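A.B. asks: Dropping the structure in here first, questions after.
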Amino acid sequence: MLTGMFVYICSCPSNNFVYVVTAPSGICQETKSQMASVAIKEPKAAITPKKKTKPSRLCYTPPTNIANSKKKILYTRYDCIGEGGFARCFRVKDESGNIYAAKVIAKASLQNEKTRQKLFGEIKVHQSMSHPNVVGLIDCFEDKTNVYLVLELCEHKSLMELLRKRKLLTEPEVRFLMLQILGALKYMHKKRVIHRDLKLGNIMLDESNNVKIGDFGLAALLMDDEERKMTICGTPNYIAPEILFNSKEGHSFEVDLWSAGVVMYALLVGKPPFQDKEVKTIYKKIKANSYSFPPNIPISSEAKNLIASLLTQDPSIRPSVDDIANHDFFHSGYMASSLPDDILHIQPVWPSTQSRSSFQRNLDYVASAAGVGFGKSAGTEKNKPYALKTDEGDDDHMLPSVLSPRDRVNPVMKIGPETKPSSTKLSSIFEAARKTSEETLPSRVKALKEESRSIPKSKLTRSDAPDNETRTGSVSIANLSDNIVWINIKKTALKIGMGLESRPVASSQGPIAAKNILFITKWVDYSNKYGLGYQLSNESVGVHFNDQTSLVFSADENMIEYITHQKNSEAKHSIFSTSKAPDALKNKIYLLKHFKSYMVQNLSRAVQDETLDDIDIKNAGSMIFMHNYLRTRQAIMFRLSNGTYQFNFVDHVKVVVSPSVQGIMVLDKEKEKMVFTLEEACWFTDDLRSRLKYIREVLESWASKLESTH
Ligand SMILES: Nc1ncnc2c1ncn2[C@@H]1O[C@H](COP(=O)(O)OP(=O)(O)OP(=O)(O)O)[C@@H](O)[C@H]1O
């Protein structure tokens, strides 16, 4: 979409400040003229700025109709909503009535090659970003006079405007905003992108007051974790000390965390910590780490402590994003699930008390939507390799590298196991049972019991109380109000509990035919853009879209079922033959096909046995779909519409509980499958019993949460 076009027309919009370049040591050092207007001793990059016309002044008001002629999209231009150093921003509407912000950069301001390349870089980085707390880049094109970046509209402007109006924010507001900022930073850093210009003016708010970080004009893409950036750039108040004073060693991702510390201080105090009229003095203060908290502003010790750790001089000991999310500041005080609409004008009044469950629920919700994690193992993952997109097709947009590479936990969304997963190999545990499956029950269960004695106790213990850790995906949260679901969940938890407490019985139904238990064999999480896709063992494929609708394809792709969930009402099902599906579903069907081909091509199945003995349900009349999902530290849980619960544990063991057939299916790490009845639970190994206890606890906790919302 962008590539070909911008190779020859691009340039640099990025900032209010003119970039000037000096290279005393042969390294190209960029700085903004404002920075350079004073003689800074370290680094020696003193530059005298030239007085220039602000490049955004070269941008005249575009015509009422602006066309992306290549994609044949017409935008209607409305009012000017902002002006920066290089660009002017206008409200625009596309033909479908969607409103966006169009950042307009005059071609006249893109005269030198360096400026063009910088804009090209900004667009390429921005184009590859897809996160709920990063401004979405929707379209990009040019006409004779301008380059247009069509952006997600941030109706509530930036934190700069908010702070100007409000002077300072309350701690619950800062807690909410910081979590979303951290989520966006974590995402960028995983993609090896350093923003390098995080500041109040670049942190925008949408109409629901969710953070949207924008302006990738100074962003840098690292080729590997070890790469260091040498360019001196940033905005004086927010610039990290290692950029200014450690130019030989360069800088990396930690500079964004320093800036996050400056932002947090500014939100609570009303101005940045090192603020001064003189830029030179700002740098002196940064070097000396000289800042203080005004005694007249009440700020909690947790907030002060967090700011202090973010403003740690030595980047190597500055905390990581997940360390920060685990900080006490995020575990004390009031936690909101969203911010009130009118925070621009009215300081919110927060309740003086909050139940632990409400606090936890809100924290889980905000943190999981932002993709920032809790738990000791958080933040230890290596950044994933990343390649900038190069082609213009939607396919490229469709499945970027954030997608889970396997049918396992999406690394971006991270479900970090607090405890080390059990190393038990289930196939060996069940070997005896497998051999004796034709025998009578007593001998089977005897064999199981024998095996279980030799298995070390699992580490899945009660200390992983699900109440502290369940994090529903943003998709499933809305379904929490479903008013009968909690009863079914509770019933399943009860059945598991009864199974676990049951005494040995002389006879049993024996092993359940595997074909009776339908489960998810592949899944892919793209809920930060579209939804969660999955393939069932009957080979039907579905997508749970972010707008709470589901679409399911039968295995032969001839039938389509569309399910809409309205809050507090029954789901509505519509079934069509694929060739007669309504036009309104065209986009969703297109996405569903993409999810399917991605899963078919890239993901391995959850079981070894490719043929699966569920053939006879492949073409069953009613389509079973994934109702919702829930993330915990130990697992991701899927709830199917037939009442089956599937727990994919982080150690790749999968446990599927099917209350309708009283059956439990276990898929071990080697993808071997075994099926048991709940009645046999007393004979299970400690490992499997621990997993079942965990499943029961998660379901109980989830049911209670749902119940309390009624
Ligand atoms: N997505 C958006 N939604 C609403 N308003 C926006 C959006 N993006 C930018 N603006 C408004 O337009 C103004 C100019 O945009 P921006 O700051 O990105 O331009 P710039 O010239 O590249 O920036 P800088 O001066 O920092 O280099 C912003 O200050 C803001 O008020």
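FYI, residue positions are counted from 1 along the chain as it appears here.
Using N, Cα and C of the backbone, Cβ positions are placed for all residues, glycine too.
A TrEMBL annotation is a machine prediction, not a hand-curated record.
Sharing the feature lines straight out of TrEMBL:
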| type | residues | note |
| --- | --- | --- |
| DOMAIN | 75-330 | domain 'Protein kinase' |
| BINDING | LYS107 | ATP binding site |
| REGION | 379-427 | region 'Disordered' |
| REGION | 440-472 | region 'Disordered' |
| COMPBIAS | 461-470 | compositional bias 'Basic and acidic residues' |
| DOMAIN | 519-601 | domain 'POLO box' |
| DOMAIN | 625-704 | domain 'POLO box' |
A.B. asks: Can you tell me how many other Cβ atoms are located within 10 Å of the Cβ belonging to LYS107 (ATP binding site)?
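C.D. replies: For LYS107 (ATP binding site), the 10 Å Cβ neighbour count is 18.
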A.B. asks: With DSSP as the yardstick, break the domain 'POLO box' (519-601) down into helix, strand and coil residue counts.
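C.D. replies: Per DSSP, the residues of the domain 'POLO box' (519-601) fall into 22 helix, 37 strand, 24 coil.
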A.B. asks: DSSP three-state call for LYS107 (ATP binding site): helix, strand or coil?
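C.D. replies: Assignment for LYS107 (ATP binding site) reads helix.
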A.B. asks: Is it possible to list how many residues within the domain 'POLO box' (625-704) are helical, extended or coil according to DSSP?
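C.D. replies: Output for the domain 'POLO box' (625-704) reads 28 helix, 32 strand, 20 coil.
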A.B. asks: Over the domain 'POLO box' (519-601), what is the model's mean pLDDT?
C.D. replies: 84
